[in-house]
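**Student:** Next up is a structure, given as structure tokens.
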Amino acid sequence: MKNIRIAIDGPASSGKSTVAKSIAKNLGYTYLDTGAMYRCATYLALQNGVTLTDQEAIVELLKEYPISFGHGEGHQGKEQLVFLADVDVTHPIRDNQVTNNVSVVSALPLVREALVDLQRQIAQKGGIVMDGRDIGTVVLPDAELKIFLIASAQERAQRRFKENQEKGIASDFETLKQEIAARDYKDSHREVSPLKPADDAIIFDTTGVSIEGVVNFILEKSKEIIDK
Ligand code: DC
């Protein structure tokens, strides 16, 4: 069986991570959440009182506190854990403060360079599902399968709202929608690696489509390539 590389890109809350995790599990592949890596860089800057645009200082912090992934028992059963050095930051990197500042840090060229290097190293052996914004365009331009997921801002805000409710986090729907639109704008208009589909990506609109529907579609495409 071929070990292919699957790139899943798309805007915030388009369902990328849920879908990517499910595909990785189904194929026995590694799942890499690249958004978590940009969140780690942002978290390090915030925790260490480093100015969010000081790219050299943030790259130094990433060297001092290397990012790694593990598995463990989380709030919702087995989950992927994210570590900075030996500290579990799985949940802190999802805090609002990180979420609302990550677009600034992820626009820094030196931070992207450092994290893209790491992402490519992890993907070297193949058998990987990576989700992010620039996987098909920059990180793995020769990935065997590239999917670009989209969904209306309304639907994405609804998903985020429901997720928050389930986690017991209070949120305001209109604010969520505005935050999603603001992040979309920043992610698509930054100079370095803006969010956009690769020319050879399959664009899939998940508005009104169930997670299973999206997963099955991608699995079918993956198997066509694996079995070829
Ligand atoms: O997928 P997420 O919401 O956890 O991503 C957090 C931020 O990181 C998002 O605002 C855009 C940025 N990001 C990026 O620039 N490139 C990636 N490959 C993944 C995420």
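Even glycines carry a Cβ here, placed using N, Cα and C.
Below are the features I grabbed from TrEMBL:
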BINDING   Gly10, Pro11, Ala12, Ser13, Ser14, Gly15, Lys16, Ser17, Thr18  ATP binding site
DOMAIN    6-223  domain 'Cytidylate kinase'
**Student:** Within 8 Å of the Cβ centroid of the ATP site residues Gly10, Pro11, Ala12, Ser13, Ser14, Gly15, Lys16, Ser17, Thr18, which other residues of the same chain have their Cβ?
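**Tutor:** Everything else in range on the chain: Val19, Asp131, Leu149, Ala151, Arg156.
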**Student:** Checking proximity to ligand 1 here: which binding-site residues out of Gly10, Ala12, Ser14, Thr18 have their Cβ closer than 6 Å to it?
**Tutor:** Ala12
**Student:** My understanding is the cutoff is Cβ-Cβ under 8 Å with a sequence separation of 6 or more in the same chain; which residues meet that for Thr18 (ATP binding site)?
**Tutor:** Ile211
**Student:** Near Ala12 (ATP binding site), which residues of its own chain have a C-beta under 8 A away, given they sit six or more steps off in sequence?
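**Tutor:** In sequence order, the residues whose Cβ lies under 8 Å from that of Ala12 (ATP binding site) (at least 6 apart) are Arg156, Ile180, Arg183, Asp184, Asp187.
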**Student:** Mind giving me a neighbour count for Gly10 (ATP binding site)? Other Cβ atoms within 10 Å of its Cβ, every protein chain shown.
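**Tutor:** Taking all protein chains shown, Gly10 (ATP binding site) has 24 Cβ neighbours within 10 Å.
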**Student:** Under DSSP, is Thr18 (ATP binding site) part of a helix or a strand, or is it coil?
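**Tutor:** In three-state terms, Thr18 (ATP binding site) counts as helix.
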**Student:** So if I measure Cβ to Cβ from Lys16 (ATP binding site) and keep only same-chain residues at least 6 apart in sequence, which ones fall under 8 Å?
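**Tutor:** Set apart from Lys16 (ATP binding site) by at least 6 residues yet with Cβ under 8 Å, we have Ile8, Asp9, Gly10, Asp131, Gly132, Leu149.
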**Student:** Around Ser14 (ATP binding site), how many other C-beta atoms are within 10 angstroms of its C-beta?
**Tutor:** 27
